[in-house]
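Everything below concerns the one structure shown next.
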Amino acid sequence: MSDATLSAAPAGARPLRRIGLIAAALVLVAAVMLLVGARYGMLLAIGLGFGIALEGLRFGFAGPWRAMILRREPSGLLAQLLSIALVAMAAMPLLASHPGELSGAQAPVGLAMIGGAFVFGAAMQVVLGCGSGTLVNAGSGNPVSLLALPFFAIGSFAGAYHLIWWTSLGSLPVLTFTGLPGLAATLGLLAAVALVVLRLAAPGAVRLNRRHAVAAAVIAALAIANLVVAGQPWGVVYGLGLWAAKGYVALGGDLAGSAFWTAPGSMDRVQASLLTDYTSLTDIGLIAGAFGVAAWRRGGFSAGLPGYPARAWIATVLAGFLLGYSSRLAFGCNVGAFFSGISTGSLHGWAWFAAAFAGAHLGIRLRPLAGLEART
Amino acid sequence: MTRAVPACLALGLLGVIVALDLAAAPPNPYRAPAAFALGSGTASAGGFCGALPD
């Protein structure tokens with residue numbers, strides 16, 4: 001596929017391209033189902049769904065936080081809270097009734113966890129891409145996200161490499177909301193945050209637009225499907241770190257110095273096929289699904305690339321690395337900690353939200369200093 | 001240059017990573033778990049960013 005063919009295909013070629021995109025997705029999913037296993041194929045399909053929904057409905061995490069902080073536009077943030085609530089209503093009863101088969105995104109609140117979430121919130125505003133957003137943006141042709149992505153993976157690997165040391169600095173036991181009382185507490189807290197957001201909203205700003213509401217429902221349905229198929233919630237950064245770990249080992253690197261990567265479960269996953277790792281499969285689907293939507297759209301790839309000064313690219317590399325490193329310390333990104341943590345009852349999801357939202361204020365100020373406000 | 005270039009690069013690099021990994025660690029479909037974790041009777045064994053190593 002050349003630049004020209006993707007950017008300016010004649011109108012007659014568009015249906016053919018769309019049939020090709022659908023066929024490619026079906027063939028990919030079928031191939032993984034047959035050659036790797038049905039569960040893995042379904043997770044690739046779920047990942048494709050995430051990518052299609054996030055890119056197709058122009059929904060995400062970093063952008064809505066920026067809109068709320070800068071312009072007091074609440075719609076995207078309210079949609080995130082709605083989506084988390086929808087997932088919680090299914091996930092928390094399922095976790096309570098099937099504790100041996102399903103696990104939540106439950107992690108301890110700690111010093112490094114809170115610091116990591118703050119740094120992640122700042123870094124995701126610098127590059128305007130969170131865990132899922134960086135993958136989706138790279139797949140749809142954003143050059144900043146494409147550059148950030150490999151450093152995100154390296155950062156995730158390095159953060160996991162040092163995770164045990166960071167966690168030893170001090171953390172609480174894992175605290176979770178469970179069962180129906182836990183669900184009621186989670187929904188009550190989500191409603192309270194939504195009320196605060198509505199109170200802070202600019203007069204006349206749309207409260208919850210239709211596109212965001214649809215995205216909230218679709219993302220929730222896919223997240224519940226992820227839990228039912230994989231037995232664990234939707235996550236992003238583990239897979240990226242695993243890709244880097246595999247690359248490190250392939251280049252002759254030794255993981256012996258890391259308590260994380262030498263743990264039996266980690267070693268097994270480094271040696272196993274990437275197509276048997278759940279978060280890798282949904283990560284692949286996020287990139288490919290976003291690519292598919294951009295290729296499907298009329299003029300989806302036709303926009304010219306914005307110009308950035310050199311310091312913007314340096315900032316992108318640093319922010320990409322920090323996104324990966326900090327998200328491991330924080331026990332997840334906007335997906336694994338905020339979205340999946342809160343929706344499966346983990347207190348660390350709430351701590352993550354507060355710390356990352358505070359960090360986002362800093363990141364919004366840093367972005368123009370880094371030269372990342374595009375010169376078109 | 002348009003957005004097609006980074007998008008194709010992203011997809012291409014992804015393809016290279018998957019291809020290299022398939023060559024190094026071919027999957028075995030006969031060892032695949034049940035299609036759905038829910039109702040499978042076995043615990044999830046996947047890696048997750050919120051979990052400490054097992």
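Each residue's number is its place along the chain shown, starting with 1.
Glycine too: its Cβ is placed from the backbone N, Cα and C atoms.
Those TrEMBL annotations? Automatic predictions, nothing curated.
Residues annotated as transmembrane segment in TrEMBL: A:19-38 (among others).
For A:44-65 (among others), the entry in TrEMBL reads transmembrane segment.
When Cβ-Cβ distances below 8 Å are used as the criterion, the transmembrane segment (A:77-96) is approached by residues 59, 61, 64-65, 67-68, 102-104, 177-180, 182-183, 186-187, 190-191, 193-194, 197-198, 207-208, 212-213, 215-217, 219-220, 223-224, 227-228, 233, 338-340, 342-345 of the same chain, each at least six residues removed from its ends. The transmembrane segment annotation in TrEMBL covers A:77-96 (among others).
What TrEMBL records for A:108-132 (among others) is transmembrane segment.
Sequence annotations record features per position, and here TrEMBL assigns transmembrane segment to A:144-165 (among others).
Using a Cβ-Cβ cut-off under 8 Å and counting only residues 6 or more beyond its ends in the same chain, the transmembrane segment (A:177-201) has close neighbours at 68, 72-74, 77-78, 81-82, 84-85, 88-89, 92-93, 95-96, 207, 342-343, 345-347, 350. If you look up TrEMBL, you'll see A:177-201 (among others) marked as transmembrane segment.
As annotated by TrEMBL, transmembrane segment applies to A:213-234 (among others).
Look at TrEMBL and you will find A:278-296 (among others) tagged as transmembrane segment. Same-chain neighbours of the transmembrane segment (A:278-296): 6, 17-18, 21, 24-25, 28, 32, 40, 43-56, 132, 135-141, 226, 230, 232, 234-240, 242-243, counting only residues six or more beyond its ends whose CB sits under 8 Å from a CB of the stretch.
Counting same-chain residues at least six beyond the ends of the transmembrane segment (A:308-327), those with a Cβ under 8 angstroms from any Cβ of the stretch are 115-120, 122-124, 126-127, 129-131, 134, 144, 147-159, 237, 240-241, 333, 336-337, 366, 370-372, 374-375. What TrEMBL records for A:308-327 (among others) is transmembrane segment.
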Apart from its near flanks, which chain residues at least 6 from the ends of the transmembrane segment (A:144-165) lie with a Cβ under 8 angstroms of it?
116, 127-129, 133-138, 237-238, 240-245, 248, 255, 257-261, 266, 308, 312-313, 316-329, 372
